[in-house]
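Chemist: Found this in TrEMBL, in case it helps:
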{"type": "SIGNAL", "residues": "1-19", "note": "signal peptide"}
{"type": "COMPBIAS", "residues": "26-44", "note": "compositional bias 'Polar residues'"}
{"type": "REGION", "residues": "26-45", "note": "region 'Disordered'"}
{"type": "DOMAIN", "residues": "55-166", "note": "domain 'Cytochrome P460'"}
Amino acid sequence: MKKLLIPSLSLVMSLLLTACNNNNDTNGVSQQMPSGDTSQQEQSSYDRELVEFPENYNKGVNYTTVHRGNVREELYTSQEAIEAVQNGQPFPDGTVITLEIYRDEELDEIFVMEKRTGWGDQTPEGTPRNGDWQYQEFNADRSLDYEEDIGRCFTCHANQERDEYINTLDEMKSYDLENFTGSKESSTESQITRIPTDHWVVKEDSQDNLLRDSLIENEEKAGIIQKVLLMIHYS
Ligand code: HEC
């Protein structure tokens with residue numbers, strides 16, 4: 001009996017391990033990473049506490065959108081940053097640029113770069129220094145993604161040195177700030193159509209609940225109510 005138990009236990013263990021591996025692979029990142037230990041050692045040399053999650057980033061200027069296959073990226077920064085670029089000045093101290101990455105219309109990752117005086121000195125020795133910019137990657141639920149190798153952000157963005165390490169400087173230059181500061185009505189409307197759905201407090205299933213409870217007898221009315229709730233929530 002004992003003899004049989006041990007092999008079957010190890011079978012269960014290996015099945016469990018396979019399941020975990022599969023899970024990790026779904027984000028597509030772990031495949032490119034070197035095996036666990038070494039990558040963690042390399043990454044720990046970057047100070048991952050510097051750039052915090054920029055709360056309210058999506059109240060800033062959504063200055064451009066990039067489409068690539070099933071990926072959509074929404075780029076945000078402050079009005080002050082856009083104004084500085086348009087006036088030919090360097091990015092102000094404290095500038096934050098946020099890039100939302102949607103895969104198949106679902107928010108997947110949030111990339112952030114932030115510039116603060118002296119932050120250039122915080123990069124590990126022997127690694128590129130991109131002015132005073134630091135980088136950070138967050139998961140869709142806004143938690144920090146420690147698995148991500150921040151070094152690759154520096155390496156690739158270093159190619160844009162003459163544009164202050166920014167790839168979308170032209171888009172910032174040509175952005176019409178009137179769209180942002182313009183009539184309140186239209187900006188509210190465009191904000192609603194762009195909300196990342198996984199942060200909705202009012203979700204589709206609440207509409208279903210209303211329907212199921214026969215509080216509202218038709219879908220159209222439920223739809224209108226949901227819209228109003230969203231407007232209140234985001235105003
Ligand atoms: C292989 C090159 C590459 C790597 C690696 C890379 N980026 Fe970018 N990044 C770009 C490009 C190109 C854009 C412009 C938007 C686009 O075309 O997708 C961009 C745009 C951005 C922007 C908006 C500002 C800008 O430069 O236009 C932020 C913020 C950003 N990246 C953060 C990051 C972070 C954080 C990392 C690391 C987790 C990272 N990037 C890794 C190439 C890269």
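The backbone N, Cα and C atoms fix where each Cβ goes, glycine too.
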Chemist: Over the domain 'Cytochrome P460' (55-166), what does the predicted model average in pLDDT?
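Modeler: Computed over the domain 'Cytochrome P460' (55-166), the mean pLDDT is 96 on the 0 to 100 scale.
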Chemist: How do the residues of the domain 'Cytochrome P460' (55-166) split into helix, strand and coil according to DSSP?
Modeler: 28 helix, 41 strand, 43 coil
